[in-house]
Amino acid sequence: MKEILIATKNKGKIKEFSDLFAEKGIKVSSLLDFPGIEDVEETGSTFIENAKIKAETISKQFNKIVVADDSGLCVDALQGRPGVFSARYAGETKNDEANLEKVLMEMEGVPFEKRTARFHCVLAVAIPNEETRIYEGTCEGHITEKPEGENGFGYDPIFYILDREQTMAQLSSEEKNKISHRAKAMKKLSENWKILF
Ligand SMILES: O=P(O)(O)OP(=O)(O)OP(=O)(O)OC[C@H]1O[C@@H](n2cnc3c(O)ncnc32)[C@H](O)[C@@H]1O
Ligand SMILES: [Mg+2]
C-alpha cells in the first residue's frame with residue numbers, strides 16, 4: 001500500500017489526513033510514529049512560511065517526500081488573530097480549550113454580524129531536490145458565544161457554519177471532511193496527485 005509521511009504530531013490533523021488519504025487508498029504515517037524526531041520550530045510569519053519550514057525540515061531528515069499542514073483561525077474582529085499563533089494563543093502548552101476561551105473572551109460584546117472568521121489551511125509538499133509545492137484552502141464561519149459540540153479539535157466548538165446551522169464540532173468527521181479548509185486544500189493537492197509517488 002502507498003504511504004505518505006505527514007510532518008505533524010497533532011492527533012486531530014492526523015485523524016483527518018488518515019481519513020482523507022484513505023479515500024485515495026493511501027496510508028498516512030506521522031511524527032507520532034517517530035518519537036525521536038523533535039518538533040520543528042515555527043519561525044515564519046505566515047502559514048505558507050511555516051508549512052514550508054515543517055515540510056522541508058522533515059523531508060531533509062528522512063530524504064523523502066513529506067507533507068506538512070500549517071493552519072489556524074483568523075477572526076475579522078480581532079484583526080486576523082489568532083492566525084499563525086492559533087496553536088499557542090493562550091500559551092506555550094498548546095491547550096485547545098484555553099485557546100478558544102481566550103478568543104471567546106476577546107469577542108465578548110461583538111454582535112453576530114461582526115463575528116465573521118475563517119479557518120485557513122496551507123499544505124506544503126516538500127520533494128527532495130525540487131521546489132516545494134503549496135496548496136491552500138479556507139472555510140468561512142462565525143464565532144459562537146459559547147462552545148458547542150464534541151467532535152473535531154482545536155477551535156471547532158466555537159466555529160459556526162451558517163448553512164449547516166451547526167458548529168464544526170457538531171458535524172461528523174465525514175461532514176467536516178467534505179467542507180473544511182483542510183479538505184479543500186487536499187482536493188487541490190489531489191488534482192496534482194502524481195507528484196507524490
Ligand atoms: O504544527 P503541527 O505539528 O502540525 O501541529 P499544531 O497543532 O502546532 O498545528 P499548527 O501549528 O498548524 O497550528 C494550528 C492550530 O490551529 C487550530 N486548527 C487548525 N485546524 C483546525 C481545525 O480543522 N479545526 C479547529 N482548529 C484548527 C488548532 O488549534 C491548531 O493547533
Ligand atoms: Mg504547530
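Note that Cβ sites are derived from N, Cα and C of the backbone, with glycine treated the same way.
Here is what TrEMBL says about this protein:
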- THR8, LYS9, ASN10, LYS11, GLY12, LYS13, SER71, PHE153, GLY154, TYR155, ASP156, LYS176, HIS181, ARG182: substrate binding site (BINDING)
- GLU41, ASP70: Mg(2+) binding site (BINDING)
- ASP70: active site, proton acceptor (ACT_SITE)
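This view paints the features noted in TrEMBL onto the structure.
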residue	record	contacts (Cβ under 8 Å, 6+ apart)
THR8	substrate binding site	ILE14, SER30, LEU31, LYS54, ALA68, ASP69
ASN10	substrate binding site	ALA87, PHE153
GLY12	substrate binding site	GLY152, PHE153, GLY154
GLU41	Mg(2+) binding site	ILE53
ASP70	Mg(2+) binding site	GLU42, GLY44, PHE47, ILE48, ASN50, ALA51, LYS54, VAL84, CYS121, VAL122, ALA124
SER71	substrate binding site	LYS13, PHE47, SER86, PHE119, HIS120, CYS121, VAL122, HIS181, ARG182
ASP156	substrate binding site	GLY149, THR167, MET168, ALA169, LYS176
Filtered binding-site residues, from THR8, ASN10, GLU41, GLY154, ASP156, whose Cβ is under 6 Å from an atom of ligand 1: THR8, ASN10, GLY154, ASP156
Structural state of GLY12 (substrate binding site), classified by DSSP into three states: helix
Cα-Cα distance maximum in Å, computed over every pair in THR8, LYS9, ASN10, LYS11, GLY12, LYS13, SER71, PHE153, GLY154, TYR155, ASP156, LYS176, HIS181, ARG182 that the record assigns to substrate: 20
Filtered binding-site residues, from THR8, ASN10, GLY12, GLU41, ASP70, GLY154, whose Cβ is under 6 Å from an atom of ligand 2: none
